[in-house]
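Database features, via TrEMBL:
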- B:Cys35, B:Cys62, B:Cys106: Fe cation binding site (BINDING)
- B:Cys137, B:Cys139, B:Cys172, B:Cys175: [2Fe-2S] cluster binding site (BINDING)
- B:3-124: domain 'NIF system FeS cluster assembly NifU N-terminal' (DOMAIN)
- B:136-184: domain 'BFD-like [2Fe-2S]-binding' (DOMAIN)
- B:240-304: domain 'NIF system FeS cluster assembly NifU C-terminal' (DOMAIN)
Amino acid sequence: MDPVYLDNNATTRVDAAVVSAMLPYFTEQFGNASSIHAFGAEVGAGLRTARRQLQALLGAEFDHEIVYTGGGTESDNTAILSALETQGGRNEIVTSTVEHPAILSLCAWLEKTRAAKVHYIGVDARGRLDIDAYRKALGPRTAIASIMWANNETGTIFPVETLAALAHEAGALFHTDAVQAVGKIKIDLSGSEIDMLSLSGHKLHGPKGIGALYVRRGVRLRPLIRGGHQERGRRAGTENAPGIVGLGAAAALAQEHMEDENTRVRDLRDRLEQGLVQRISHAVVTGDIENRLPNTANVAFEYIEGEAILLLLNKAGIAASSGSACTSGSLEPSHVLRAMKVPYTAAHGAIRFSFSRENTEADVDRVLEVMPGIIAQLRQMSPFWDGESKTRTAFTPTYA
Amino acid sequence: MWEYSEKVKDYFFNPKNAGVLEDASGVGEVGAIACGDALKLMIKVDPETDRITEAKFQTFGCGSAIASSSALTEIIIGKTLDEALAITNQDIADFLGGLPPEKMHCSVMGYEALRSAIANYRGEVWEDDHEEGALLCKCFGVDEGMVERAIRNNVLTTMEQVAHFTKATGSCGTCVEGIEEVLERTNAAMVEAGELAASQAFVVGAAPVVGRKTPRNSPVVALTSPPATKMTTLQRIKLIEAELEALRPALQSDGGDCELVDVEDNKVMVRLTGACVNCQLASVTVQGIQSRLAERLGTPVRVIPVPSGH
Ligand SMILES: Cc1ncc(COP(=O)(O)O)c(C=O)c1O
Ligand code: FES
């Protein structure tokens with residue numbers, strides 16, 4: 001049986017068409033785009049096409065608003081570090097408690113080493129940002145507000161246009177980590193107030209290690225990586241031509257499949273989610289149900305632990321993920337679910353299923369077929385599970 | 001994902017002795033759902049021979065927690081209680097063909113549950129040294145005795161190892177200083193007893209703590225600057241009190257709270273409550289308080305959270 005891959009928020013398969021687009025750039029068209037000879041010129045043309053493809057997916061007004069980077073993490077780092085330098089006299093950052101570590105670790109480091117002041121805005125039980133707190137945190141000292149477009153664990157979408165406008169009222173820049181949003185939902189940056197946006201190739205069936213930072217025309221950017229004049233001096237280093245071409249091809253395909261992603265894929269997700277909740281008691285869907293990515297389902301199964309679920313799923317040929325402490329090597333459960341105050345009884349047993357256009361009805365059927373058995377098997381072993389009657393057993397640990 | 005041995009996988013996928021043991025003669029329970037793993041070990045003992053005739057477990061936890069629990073039951077069935085008490089967590093790990101270092105706490109959980117179950121059978125109050133104050137790590141419910149046993153049984157000499165074996169310090173990190181003390185003290189005793197080379201012993205502050213989940217010592221804004229001399233101590237304390245008071249509503253709205261315990265030079269001891277439930281926020285909180293105080297006092301300070309109940 002073919003494996004069922006439902007971990008597309010972690011990474012996606014590179015589309016076969018993307019691979020074919022990239023291959024010539026390893027072989028015949030291996031030139032350096034900066035060279036004067038024919039080898040370089042051909043590559044230059046390929047890069048220009050790729051840039052326009054990505055520009056079209058983002059709805060960016062100018063193609064030079066795109067700066068290629070080594071991925072989502074580099075884009076995030078570039079945006080925040082640049083803002084602290086260009087926004088003279090401002091050393092505060094407003095962000096959320098549910099950002100990706102690409103933002104949170106950087107912020108923690110900036111607090112420690114650069115005396116930056118970081119405001120972490122919380123979310124409610126559905127994962128929605130506390131807009132009031134966000135508004136209050138913005139001020140004359142705010143250099144940049146950075147709020148993700150969509151959360152990687154729950155798919156919850158944030159109102160980035162409103163947030164950008166509020167940031168501008170305070171004279172601050174606005175950046176969004178759109179790594180999970182780009183390619184999955186329609187994005188139109190023309191006429192947008194968003195100053196900077198991060199994206200990553202491998203989340204939209206493109207290659208790993210290539211990403212981009214959109215920088216709205218007129219917004220000053222301090223490069224993170226200095227050296228040659230590539231990317232108009234905004235990101236040094238010989239262009240990753242195969243990667244850039246791959247990202248362009250992936251962007252074009254994503255645009256083509258946008259409709260599919262938001263109809264068929266969404267339906268698959270919904271069917272899985274509803275099927276799980278119907279078949280399995282004490283299973284809760286987390287995140288903002290009405291307003292989230294079409295491909296992401298995060299379901300928490302009470303009284304059992306996520307890694308154990310994933311191991312059994314994996315044995316059944318199904319790949320998913322969890323924010324569970326045990327799988328990440330960290331000892332705490334997902335910071336996103338904790339920020340949402342998902343109770344511990346459920347937070348440890350949260351499983352994320354993330355779809356892509358490659359998934360089918362059969363995939364959903366497979367999961368629905370094996371999941372009830374897996375959950376029952378683990379609950380049988382759990383000291384907290386007392387049959388369908390629910391109520392916790394008289395488990396009285398020494399130090400609860 | 002983790003590299004589990006074949007035996008771990010086997011004991012996870014086909015666990016032996018899972019379930020409830022009716023009329024068990026001894027029950028040991030460790031861990032809690034909030035901590036991410038918990039084990040209930042049930043044993044039946046033949047009073048004539050003092051042998052464990054049956055053992056079953058119920059475990060909430062990851063693959064290696066379930067495998068360790070199951071392995072434990074296999075190891076102890078047929079053993080006398082004294083033989084069982086001689087088993088260490090390393091025996092459980094060895095039985096399974098080893099565990100990833102980060103997962104050693106699963107074997108420790110089994111070891112602790114076994115001690116607890118035997119004590120329960122013998123009618124002893126488990127852990128005579130277990131008073132309110134001895135609970136060192138609130139996040140994972142780890143007391144001093146458990147840390148000490150893990151250090152001795154496994155010859156642990158770094159804070160990272162202690163986290164791997166007991167999980168203590170792995171979350172909010174407010175227990176780092178307490179655990180460091182125990183590690184230093186226990187290592188010193190082991191050196192004395194000839195169980196450890198003096199050069200290996202852990203000494204607080206002697207080496208940087210390494211590891212992915214580095215237990216955070218509260219960052220010092222600038223270590224070298226002397227404490228403020230402009231303000232009198234009383235003025236400083238008053239100012240600190242006022243600042244903390246101003247911060248409390250925000251913490252309370254998150255279900256936490258904070259109170260000033262002591263001020264000593266540039267060290268500000270605070271007690272955070274409720275915050276451990278949301279550990280990441282706790283460290284953010286501490287840093288937030290620290291930078292705010294530093295700003296208002298005009299000098300670097302170090303905010304040290306002290307566990308509640310002390
Ligand atoms: C929201 C978010 N931001 C950033 C990243 C990092 O992107 P990359 O892996 O390209 O560095 C990821 C990917 O895991 C993500 O989900
Ligand atoms: S990690 Fe030990 S008390 Fe929070």
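Placed from the backbone N, Cα and C atoms, the Cβ positions cover glycine too.
Note that TrEMBL annotation is computational and uncurated.
Shown on the structure are the features that TrEMBL records.
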| residue | record | Cβ within 10 Å |
| --- | --- | --- |
| B:Cys35 | Fe cation binding site | 28 |
| B:Cys62 | Fe cation binding site | 27 |
| B:Cys106 | Fe cation binding site | 33 |
| B:Cys137 | [2Fe-2S] cluster binding site | 30 |
| B:Cys139 | [2Fe-2S] cluster binding site | 24 |
| B:Cys172 | [2Fe-2S] cluster binding site | 27 |
| B:Cys175 | [2Fe-2S] cluster binding site | 26 |
Those binding-site residues, out of B:Cys35, B:Cys62, B:Cys106, that come within 10 angstroms of B:Cys172 ([2Fe-2S] cluster binding site) at the Cα: none
Residues from B:Cys62, B:Cys106, B:Cys137, B:Cys175 facing chain A - binding-site residues, CB under 8 A: B:Cys62
Integer Cα-Cα distance in angstrom, B:Cys35 (Fe cation binding site) to B:Cys137 ([2Fe-2S] cluster binding site): 11
Between B:Cys175 ([2Fe-2S] cluster binding site) and B:Cys62 (Fe cation binding site), the C-alpha gap once rounded to whole angstrom: 24
Average pLDDT across the domain 'BFD-like [2Fe-2S]-binding' (B:136-184), rounded to a whole number: 90
B:Cys106 (Fe cation binding site) to B:Cys139 ([2Fe-2S] cluster binding site) - Cα separation in whole Å: 16
Cα distance (Å, whole number) from B:Cys137 ([2Fe-2S] cluster binding site) to B:Cys62 (Fe cation binding site): 21
Collapsed DSSP category at B:Cys172 ([2Fe-2S] cluster binding site): coil
Candidates near ligand 2 among the binding-site residues B:Cys35, B:Cys137, B:Cys139, B:Cys175, judged by a Cβ under 6 angstroms: B:Cys137, B:Cys139, B:Cys175
Reduced DSSP assignment, B:Cys137 ([2Fe-2S] cluster binding site): strand
